[in-house]
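Listed features, source Swiss-Prot:
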{"type": "BINDING", "residues": "26, 27, 93, 180", "note": "K(+) 1 binding site"}
{"type": "BINDING", "residues": "150, 151, 152, 176, 177, 178, 179, 230, 231, 232, 233, 254, 286, 387", "note": "NAD(+) binding site"}
{"type": "ACT_SITE", "residues": "162", "note": "active site, charge relay system"}
{"type": "BINDING", "residues": "246, 457, 460", "note": "K(+) 2 binding site"}
{"type": "SITE", "residues": "248", "note": "site 'Seems to be a necessary countercharge to the potassium cations'"}
{"type": "ACT_SITE", "residues": "252", "note": "active site, proton acceptor"}
{"type": "ACT_SITE", "residues": "286", "note": "active site, nucleophile"}
{"type": "MOD_RES", "residues": "286", "note": "cysteine sulfenic acid (-SOH)"}
{"type": "ACT_SITE", "residues": "464", "note": "active site, charge relay system"}
């Protein structure tokens with residue numbers, strides 16, 4: 001693909017130049033080629049976007065529920081019509097295989113938008129009788145202008161997960177995509193405008209998180225920030241949001257999730273789940289089950305089943321329909337993952353497979369890392385304690401149910417957890433003791449629109465998707481009505 005034209009900001013229904021004068025480049029990580037130069041939003045641009053959003057939000061909130069629902073449904077239709085085009089752009093920008101982006105990224109994002117478009121008429125208040133002459137009623141009102149700050153691993157899906165409930169509740173959103181993968185969020189802005197969204201209701205500000213993101217979190221005109229990213233950045237977002245104007249926050253901050261295989265499990269099923277929990281999207285998924293706990297007596301057999309499945313991974317041309325494994329998103333991220341792999345070797349974990357970059361034709365110029373499995377791991381190893389966010393699985397052994405529950409919970413994270421077992425009683429007994437916000441039994445990774453997703457502990461605050469997220473983008477107003485004569489004590 002030839003280099004794209006310089007990408008601008010999207011404010012008030014159209015593209016506009018950044019006033020900052022700064023730019024950055026976005027690359028294709030499969031081969032290192034520059035895709036585009038992108039303009040970076042500065043403080044003045046954030047001010048412009050907020051003013052635009054305030055204007056648009058008033059128009060948007062004044063529409064009826066059915067009017068807003070119809071506009072969002074039109075956006076869903078356009079997303080699905082342009083699925084292949086958007087998937088190709090997402091593949092170029094992220095490096096993910098087209099077989100994945102064309103069937104997951106836009107599809108699941110559109111599903112969430114359709115879900116919330118249907119829920120708009122369900123946003124309602126309540127009526128509370130006090131006595132014969134008085135009652136209270138409540139209204140759910142939009143917050144106003146909110147901000148979404150996205151991560152680089154699911155660019156358009158995250159933009160939709162954040163914008164769908166915000167817009168459905170009558171808010172306007174200013175979205176800052178990751179500077180690593182900024183392209184599809186701009187296309188989403190075009191689609192919203194084409195669907196009939198009033199100007200300013202969805203503005204996109206590409207830029208560096210430490211600058212553009214900080215300006216958004218500090219801006220007094222923004223009522224809420226929804227952030228997806230790392231723990232350290234999340235703490236800064238939360239501190240800035242509170243210090244500036246006590247903004248509400250929703251945060252999804254990653255994890256180091258356990259996958260527990262019990263001794264009664266079908267090991268073929270367990271191996272299939274472990275592969276999806278570690279190598280889908282080349283391991284760049286927040287919920288990945290990177291700590292795989294296996295009964296000691298099953299370890300050797302489980303390892304052989306994993307090795308057989310690693311042989312079925314197909315890395316290569318990301319547009320080949322047979323490819324199911326792409327490069328990492330950037331060269332700095334590749335280098336960070338390689339540092340973790342080196343640390344795992346240094347601390348005594350045994351490399352079952354992988355452990356290096358992929359080499360040869362089609363790989364040498366890209367950010368490729370081989371699917372890597374460590375075994376003979378211990379809980380104190382760096383690769384077991386810290387989030388790697390790459391194609392690195394750690395296999396650990398255990399002896400008893402109580403032991404594995406304790407060890408699974410021994411982490412600062414609490415995003416996801418899963419178990420594989422044939423015992424229904426054990427499944428629910430164990431899941432109820434695991435400290436994680438998203439749990440799976442005999443499966444892994446699906447996050448449908450109806451399912452609230454979010455973490456315990458350092459893995460986040462609040463939830464995305466589900467009815468509760470729609471409500472979190474509203475504020476409740478209580479009104480008392482008195483029909484009798486008011487009595488004063490004065």
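Don't overthink the numbers, they just go from 1 along the chain as shown.
Any Cβ shown, glycine's included, is placed from N, Cα and C.
Note that this is a predicted model, so its numbers are computed, not measured.
Cα of residue 27 (K(+) 1 binding site) to Cα of residue 457 (K(+) 2 binding site): a span of 34 Å.
Note on the recorded positions 162, 457: the fewest other CB atoms within 10 A surround the CB of 457. Put plainly, the binding-site residues 180, 246 were compared by Cβ crowding within 10 Å, and the winner is 180. Considering other CB atoms within 10 Å as the measure, the emptiest surroundings among the binding-site residues 27, 231, 286 are those of 231.
In terms of Cα distance, none of the recorded positions chosen from 26, 152, 162, 179, 248, 464 sits within 10 Å of residue 457 (K(+) 2 binding site).
Among the residues 150, 151, 152, 176, 177, 178, 179, 230, 231, 232, 233, 254, 286, 387 said to bind NAD(+), no two Cα atoms are farther apart than 24 Å.
Neighbours of the K(+) 1 site: apart from 26, 27, 93, 180, residues of the same chain with C-beta atoms within 8 angstroms of the site's C-beta centroid are 25, 28, 29, 35, 94, 152, 181, 182, 183, 329, 330.
Reduced to three states, the DSSP call for residue 233 (NAD(+) binding site) is helix. When the CA atoms are compared, the recorded positions lying within 10 A of residue 231 (NAD(+) binding site) are 252, 460, out of the candidates 93, 162, 180, 252, 460, 464. Cα spacing between residue 286 (NAD(+) binding site) and residue 162 (active site, charge relay system): 16 Å, rounded to the nearest whole number. Annotation: no recorded positions among 162, 233, 246, 248, 460 have CA atoms within 10 angstroms of the CA of residue 180 (K(+) 1 binding site). Close to residue 177 (NAD(+) binding site) in the fold, though at least 6 residues off in sequence, lie 150, 155, 159, 184, 185, 186, 204, 206, each with a CB less than 8 Å from its CB.
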